[in-house]
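Engineer: Dumping what Swiss-Prot says about this protein:
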- 56-107: compositional bias 'Low complexity' (COMPBIAS)
- 122-137: compositional bias 'Low complexity' (COMPBIAS)
- 274-301: compositional bias 'Basic and acidic residues' (COMPBIAS)
- 698-711: compositional bias 'Basic and acidic residues' (COMPBIAS)
- 308-384: domain 'RRM 1' (DOMAIN)
- 394-467: domain 'RRM 2' (DOMAIN)
- 487-561: domain 'RRM 3' (DOMAIN)
- Lys16: N6-acetyllysine (MOD_RES)
- Thr69: phosphothreonine (MOD_RES)
- Thr84: phosphothreonine (MOD_RES)
- Ser145: phosphoserine (MOD_RES)
- Thr215: phosphothreonine (MOD_RES)
- Lys378: N6-acetyllysine (MOD_RES)
- Lys399: N6-acetyllysine (MOD_RES)
- Lys404: N6-acetyllysine (MOD_RES)
- Lys428: N6-acetyllysine (MOD_RES)
- Ser461: phosphoserine (MOD_RES)
- Ser564: phosphoserine (MOD_RES)
- Ser581: phosphoserine (MOD_RES)
- 128-135: repeat '8' (REPEAT)
Amino acid sequence: MVKLAKAGKNQGDPKKMAPPPKEVEEDSEDEEMSEDEEDDSSGEEVVIPQKKGKKAAATSAKKVVVSPTKKVAVATPAKKAAVTPGKKAAATPAKKTVTPAKAVATPGKKGATPGKALVATPGKKGAAIPAKGAKNGKNAKKEDSDEEEEDDSEEDDEDDEDEDEDEDEIEPAVMKAAAAAPASEDEDDEDDEDDEDEDDDDEEDDSEEEAMETTPAKGKKAAKVVPVKAKNVAEDEDEEEDDEDEDDDDDEDDEDEDDDDEDEEEEEEEEEPVKEAPGKRKKEMAKQKAAPEAKKQKVEGTEPTTAFNLFVGNLNFNKSAPELKTGISDVFAKNDLAVVDVRIGMTRKFGYVDFESAEDLEKALELTGLKVFGNEIKLEKPKGKDSKKERDARTLLAKNLPYKVTQDELKEVFEDAAEIRLVSKDGKSKGIAYIEFKTEADAEKTFEEKQGTEIDGRSISLYYTGEKGQNQDYRGGKNSTWSGESKTLVLSNLSYSATEETLQEVFEKATFIKVPQNQNGKSKGYAFIEFASFEDAKEALNSCNKREIEGRAIRLELQGPRGSPNARSQPSKTLFVKGLSEDTTEETLKESFDGSVRARIVTDRETGSSKGFGFVDFNSEEDAKAAKEAMEDGEIDGNKVTLDWAKPKGEGGFGGRGGGRGGFGGRGGGRGGRGGFGGRGRGGFGGRGGFRGGRGGGGDHKPQGKKTKFE
């Protein structure tokens, strides 16, 4: 407890204390003796001895000092004083340090020392209140009135409980009052050795306490001193006291600060920064959102000065805007082109140049290789809001390009192209490119002349983009509608190792070849072969169908129109069979159809298990029709199967009408059906409803794989 009394030793002068009230005059002799001792020992200390002896007075006074230093009403040091005789009444004057002159030095009735409250002047009213008291006089007045009422109730020194409750009520005011009182907080220690130690400590803290030596007057100036003093006292007492009450007071101070004016808050922050409450931050953020900054302009300057504008890209952004303007103007001036204005973008990576006439603009577009500050600039017409439709009309999409082709190689083929953009993914070419021309007429001319041109052994296909491309036949080159003469073949049963290059060697007249791949970059087992005319497609169908490619006999058929409801109803030489049992083999499938020449079951490449569907080939469409009629509603290995004409990607893939009716597994899905336990015939062991769960049932078995969709 010795270290706690050092905080305000050098603050205060006995001459400045208020005249004592009537209660103090009764013990005037004792007070005069204490004043003489104070003048002899240290001109700044005020020690009032107790009647029982100098040492006892110092002890009781020391206990009293701790109370105002630690918020007074925290009910910690003041209550400790009640343990020893003669100190019980000391808590009362310690509390009354926050009252006006009336209670400045009210001693206890039992003769205890008045707790060195003599220095508290009327001007202390402003300093004895927390930060909010300095800002708002109403709070100070309210607390003063409460203190006066408490003085009357505290005349009975034996009622300790009432005193503690009253102290808790005015706790915020008392805490700051004790912090601001100049010399009333310092007393001698219990013995002379403690006094010497305290003097040494006070010399170290003189620099910190100089700001508190003058008694603060009413107003905001007192509030500036409060946070510093309170902070120093709190730091000294953290070692011995519990700070829970102090934290509560700090929270109350923060809430009060939120309600004060911003100007008053700024004054306090100049003296001691105070932690902002969360509510205050939210208010500031709301103000910032309410007044957002104006959006930055993308281009410095105003609207174009003329209608003849030129976009300039790839500028050296390390240069300032004025330097770029001067450099661009000089470059065009060297080419006898007068520049009206130059507007630089905010990023300084691009800009716009305004010319006087369309002739100057056209001449500028013809310039190439111009450099500004070491960067070769890019010149083109600005892209307006309505220019996308125009660009699409003069842009072609080239497919089936070699993956290693470069822009320079394409430039040799498309000499009239204004811009060539190769499409790539993850740094790898996708075999397609966009070819943009200066005019729509150039695009149409190239479309007719370059369709099917070979590049590195691959025949390229050209397509329109935009609205023209929507009316164009899928993979069909020119605009057309379905007339029953498709130019595209669908190739199935393709080896997974086959590539587009392999198919190009087989189908030499093909203009476009696509082998769909999965996410791992592997073939899905089918392909699309496009030709320049229906005759070429028909010829390839007759000559290459069932040819072996890398160990597998391929199947070819003409592609019907996409989305046609009757596409699957067209007969062919191949039947599509779904609803197969997991145990059905290709031999069993082939034997189930009279006249069949080949059968294949689609399996999962990872697990090798059947996907529940397959294909059966015949020598002619007539044989296929007969087999289809014979096996309609038939069963294979106990499963009822569904038959249809083989057709790649239609309105719902192989999953029936829109993928409904159970997908691959018959009506309602799964493996059910009427089939029995075994055999090919109808009925079998289980009769209708069968062993595995009847119509639509999947029983206890897992579904038969994923639906395969063609692209």
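The backbone N, Cα and C atoms fix where each Cβ goes, glycine too.
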Engineer: Taking only the residues in the domain 'RRM 1' (308-384), give me the average pLDDT of this model.
Structural biologist: 87
Engineer: If you draw a 10 Å sphere on the Cβ of Ser581 (phosphoserine), how many other Cβ atoms land inside?
Structural biologist: 22
Engineer: Taking only the modified residues Lys378, Lys428, Ser461, Ser581, which one has a CA atom nearest to the CA atom of Lys399 (N6-acetyllysine)?
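Structural biologist: That would be Ser461, the closest of Lys378, Lys428, Ser461, Ser581 to Lys399 (N6-acetyllysine).
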Engineer: If we check Cα distances from Lys404 (N6-acetyllysine), which of the modified residues Lys378, Lys428, Ser461, Ser581 wins as closest?
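Structural biologist: Going through Lys378, Lys428, Ser461, Ser581 one by one, the Cα closest to that of Lys404 (N6-acetyllysine) is Lys428.
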Engineer: Taking the Cβ of Ser461 (phosphoserine) as the centre, count every other Cβ atom within 10 Å, in any protein chain shown.
Structural biologist: 24
Engineer: Measuring Cα to Cα, how many angstrom lie between Lys428 (N6-acetyllysine) and Ser581 (phosphoserine)?
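Structural biologist: Lys428 (N6-acetyllysine) to Ser581 (phosphoserine), Cα-Cα distance: 42 Å.
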Engineer: C-alpha of Ser581 (phosphoserine) to C-alpha of Lys378 (N6-acetyllysine): distance in Å?
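Structural biologist: Cα-Cα distance, Ser581 (phosphoserine) to Lys378 (N6-acetyllysine): 64 Å.
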Engineer: Who sits close to Lys378 (N6-acetyllysine): which same-chain residues at least 6 apart have their Cβ under 8 Å from its Cβ?
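Structural biologist: Same-chain residues close to Lys378 (N6-acetyllysine) (Cβ under 8 Å, separated by 6 or more) are Phe311, Val312, Gly313, Asn314.
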Engineer: List the helix, strand and coil residue totals of the domain 'RRM 1' (308-384) as derived from DSSP.
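Structural biologist: Its residues fall into 23 helix, 26 strand, 28 coil.
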Engineer: What is the number of other Cβ atoms found within 10 Å of the Cβ of Lys399 (N6-acetyllysine)?
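Structural biologist: Here the count is 20.
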Engineer: Per DSSP, how many helix, strand and coil residues does the domain 'RRM 3' (487-561) have?
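Structural biologist: Taking the domain 'RRM 3' (487-561) as a whole: 18 helix, 25 strand, 32 coil.
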Engineer: Per DSSP, what is the helix/strand/coil residue tally across the domain 'RRM 2' (394-467)?
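Structural biologist: Per-class counts: 19 helix, 32 strand, 23 coil.
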